[in-house]
Amino acid sequence: MRNRANDLLAAVSLADLAFLCLMLPHSFAVFDLFGKNFTFRYFYFMYKQHLAALANWASAVAIWLILAVSIERFEVIRSPLRSRSYWKKSQRSLLFIFIVSATGLLTMYHHFEYDCQLAFFCNNTQIYYYCYSAGKTSHPVSWDLSSGTVEPSTFRRYYIRIMTVFNAVLVVFVPILVVILLNALLIRQLQMTDRLIASTENSTCHGMLTNQHKQKRRVTITVVAIASCFALTQGPSAVMSLWELLIGYSTDDHFLFTIMSISNTLVITGKTINFFLFCLSSAHFRRKCLTIFFRKFPQLSQTSFGRRLSSRPSELNFRGSLQSLQSRGASLNRTNSNKSGSLKPDGSTKKKYFSQLQPLKETSSCST
C-alpha cells in the first residue's frame, strides 16, 4: 500500500543498509586475513576517518527519518483521512533533500575531527595509525612525541566542540524524547480508536472501519517497535560521545574502551533490527520467506510445525476474506430491507389513495 509512512520506512531501511555497508571495512579489519594485509591496512587507515563520518551521516539520516515516520503515523491516527492522500513527488523530494542536507551539515565535522598520521615500521613492512583529537587545546605532532606539540586553530577547536554537542542533542537526545512522547500518544490514540470501533459494532460501516483500523494498527505497531529499538540502541553512543568531549578518557582505559565497544555494537544491532522489523511486518514478505525456506529445505515442510506454518497464511487470508464477505452481505441485507420498508405502502397511504379516487368515480356516474 502506497502511503507516506511506507515510503519513510523504506527510506529508513535504505539508510540503515548504507550504514551497515560503510561499517563493513571496520569489521573486516578485525580479522587477520584483512587486518594483517599491508594493502588493506594502508587504504583502510587512509580513509578510516571519512568512512566513519559517512557512517555517522547515514545513521543520522535514519534517525531523522524515524522521527518523521513517527510524526506521520501520529497525524494519520489523529486524522484518518490523511492516509488517503498520497503526497506529491515534490513534497517527498524536498523532505528527503532537507533531511539528508541537514544531517550532512551536523555530521560534517567528523571528517576533520582528528589529526591522524601513518607510521611505517620494520623497513616499511608494517603500518600503524595514530590519531589525536583536534578538539583539544594541543596534541603531539607525531606518534613518538619527539617533535613537540601542535595547537589546532581556535575556530576548528570550537567548531568541533560545538558540533559534537549539537550532534548529540539534535541527532540522538531530542529525537529520542520526541519519539518516546509520540509513541505514548500513538498508543493512547489507538486505545481510543479501539473503543470507538467497539461502540460501532452494530453499525453498517463496522466491517469497513475494522479493516481500516487493522491496517493502521499494523503499521503503527511497526513504527512503535522501530522507534523503541532506536531509543534503546542509540542513546548510549550519544552519552559516550559527550563523555569523550567533556571529560575525555585515556586510550589505556580498558573499561571505557569496553563501554565504547558495547555502545557501538548496540548501534549496529539497532540498525540491523530495524531492517528486519520493517521486512517482517509485511505478510507478503513472510510468505515469500517461508516459500523460499521450505523450497530450500523440503524435509522441514513435511513436519507438523512446517505444515502449520505453511497453512497459516492461507487460513488467515480465507478468514479475512470470509469476514469481509459476511460484513458486505450483512450491509447489503440491511440496505435492501431499508429500501423495501420505504417502498411498501402502509394503511394510511392506501386509504388516502382511494379517498382521492372516489370523487372521480362519483363524478363519472353522475355524468351518465
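Cβ from N, Cα, C; glycine included.
As annotated by TrEMBL, compositional bias 'Polar residues' applies to 326-341, 355-368. For 1-278, the entry in TrEMBL reads domain 'G-protein coupled receptors family 1 profile'. Per TrEMBL, region 'Disordered' is recorded for 326-368. Taken from TrEMBL, the feature transmembrane segment applies to 53-72, 93-112, 158-186, 219-243, 255-280.
Long-range contacts of the transmembrane segment (158-186) within the same chain, counting only residues at least 6 positions beyond its ends with a Cβ under 8 Å from a Cβ of the stretch, are 56, 59-60, 63-64, 66-67, 70-71, 73-74, 77, 103, 106-109, 112-113, 133-135, 220, 223-224, 227-228, 230-231, 234-235, 237-238, 241-242, 245. Sequence-remote contacts of a segment are chain residues at least 6 beyond its ends whose Cβ falls under 8 Å from one of its Cβ atoms, and for the transmembrane segment (255-280) they are 9-10, 12-13, 16-17, 19-20, 23, 59, 62, 66, 222, 225-226, 229-230, 232-234, 236-237, 239-240, 243, 249, 286.
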